[in-house]
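Enquirer: First, the structure itself, so that you have it in front of you.
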Amino acid sequence: DFGHSKKIRKNVHSLTAEEQNSLRRAMDDLQDDKTRGGFQQIAAFHGEPKWCPRPEAEKKFACCVHGMAVFPHWHRLLTVQGENALRKHGFTGGLPYWDWTRPMSALPHFVADPTYDDSVSSLEEDNPYSHGHIDSVGHDTTRAVRDDLYQSPGFGHYTDIAKQVLLALEQDDFCDFEVQFEIAHNSIHALVGGNEPYGMSTLEYFLYDPIFFLHHSNTDRLWAIWQALQKYRGKPYNTANCAIVRHDTYRKPLQPFGLDSVINPDDETREHSVPRDVFNYKDDFNYEYESLNFNGLSIAQLDRELQRIKSHDRVFAGFLLHEIGQSALVKFYVCKHHVSDCDHYAGEFYILGDEAEMPFAYDRVYKYEISQALHDLDLHVGDNFHLKYEAFNLNGGSLGGVDLSQPSVIFEPAAGSHTA
């Protein structure tokens, strides 16, 4: 019974040696568990085998939700599913998180080291968090971490991913937040998995790499930070104040969590499979995070930092994104004056996808700030320039036929200022 014990989700770097050993033993046991509640079954929730829209359907697709306003809810349930499974296998704490918004030069040792010294057996054991096995294809997961993940900006500055998360946290409309939040999260999948076919950058097999759980515990923590910010701002935080409340998806069970116990044996996630029942994580799922600080900033300090950021005129590139049937890196450039002068890099982001995914199209733009890029080119809003993009697969090959529509240029005046 998980309903009466408060679980604390700790930063992976603050786990004690005993907690690390306990988590590893629990994951090792979970990976050996071939029942409906075992590792293979949970990992399949995100991709293969496909169970949606229902297991008996003639044409099925992966159940994972991307490009939709219920992305945070679906993945919050998935963290609870994993947390409960680890606790059933002996772990007594909460699902740890890897704070990838902070500067870093390597993956956490907890997930990167191939072996560890087990204090119980006094033996060197294989680290179950370094990879997982995909029974359906007979492969272990692998990683090809890209150098772009490792950034160490100076004091008072943020990594590229942290900047994208800050823009998400700035939004006080849930659906605006969700778009920025989800695209920022995509980077970790692509940067950790790289071009490896069985791992974090391949939608079918995301969840078979145990680092997924730490990544999504942090993704969920960032949603919790936004919720705390909303409460501080006097805005809705345990509901959605946007289009999600007008759609049936808000009131329908998220799958496969809402399916019967043959697919989902976890009573807790099945009983909370409707999105509106997922917001209040503290009461409904009985967990809290060790810290809701963002890069060392408390909620009040973070709010002040966001106000500081908004106190300047800013310019953004706007992309109305949709699924393209595969994962991709999108790079975009500023074109000065004429079409041939287009080699001025302005930014990049990742789209996640697969042929087996649910179709999606955002109903609002994803924004990427280009103020500094324009400043460096001595350009201003209203000058003669436009934006151009290129899409690449994760092997670096051009996806010339991908149509993401022409990016727009969005000017946002400093907060409190007025334009004619």
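Yeah, the Cβs are placed from backbone N, Cα and C, and that goes for glycine too.
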Enquirer: Looking at the candidate ranges 1-20, 81-100, 141-160, report the one that Swiss-Prot labels region 'Disordered'.
Expert: 1-20
Enquirer: Where the distance is taken from Cα to Cα, which of the recorded positions Cys52, Cys63, His189, Cys335, Cys342 turns out closest to His46 (Cu cation A binding site)?
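Expert: With Cα distances computed to His46 (Cu cation A binding site), the winner among Cys52, Cys63, His189, Cys335, Cys342 is Cys63.
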Enquirer: Given Cys342 (disulfide bond) and His73 (Cu cation A binding site), what distance in Å do their CA atoms have, once rounded to a whole number?
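Expert: Per the Cα atoms, Cys342 (disulfide bond) and His73 (Cu cation A binding site) stand 40 Å apart.
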Enquirer: Let me know the most crowded of the binding-site residues, choosing from His46, His185, His189, His216 and counting other Cβ atoms within 10 Å.
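Expert: Max Cβ neighbours within 10 Å, all protein chains included: His185.
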Enquirer: Which of His66, His73 has the fewest nearby Cβ atoms, counting only those within 10 Å, among these binding-site residues?
Expert: His66
